[in-house]
């Protein structure tokens, strides 16, 4: 099972990624984790990445793809792998294809933006303990106050409505085009690569966590 998980921030990809990893016995490939591990290990690619990072520059797509290829050689990828958060852009997707990274499924978790804004902007947390609440779905017993300590709850900057909207705008511009890219490849194939086209699946990300999990498993049969 070689899989790319797509969906907007707040669509619940992380939660579903955990279910998929467990069911199929595959690792989740995180480019951030890979970069940190390569830099720490001092591998040639890691040293190259460190030069970019120390200069405050973005690591090039070419270097990230080489790190991905190196990571996929590890024994835990023998049964497949799951990409969540990569590729983010069409050039990255194209580079993956040209590098011969095989993908069986692209699974999109589809949630309307107004629902995502409601989900994320309603989160509240207790800073000291990390306990989280939601003003609509999981409210504290007393509004704005932690159940255990009676201390005030905060809204993280990441969860403020204007921040959520900005993140969704970036997603709309950079990552959403991947949906059309993979959909087109799945439907029409691509003679420029020997890779088999992936199957494209879209599921609704509305409902309970278990309902969405069942939809995901059904889509990946």
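Including glycine, each Cβ sits where the backbone N, Cα and C put it.
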Annotated companion of 10, 11, 12, 13, 14, 15, 132, 133, 207 at the ATP site, Swiss-Prot, chosen from 36, 123, 156: 123
From 84-121, 122-159, the residue range that Swiss-Prot assigns the feature region 'LID': 122-159
Annotated AMP contacts 31, 36, 57, 58, 59, 85, 86, 87, 88, 92, 156, 167, maximal Cα-Cα distance (Å, integer): 30
Positions whose Cβ lies under 8 angstroms from the region 'NMP' (30-59), at least six residues beyond its ends: 66-68, 70-71, 84-86
Model confidence over the region 'NMP' (30-59) (mean pLDDT, whole number): 89
Among 10, 12, 14 [binding-site residues], residue with fewest other Cβ within 10 Å: 14
Collapsed DSSP category at residue 156 (AMP binding site): coil
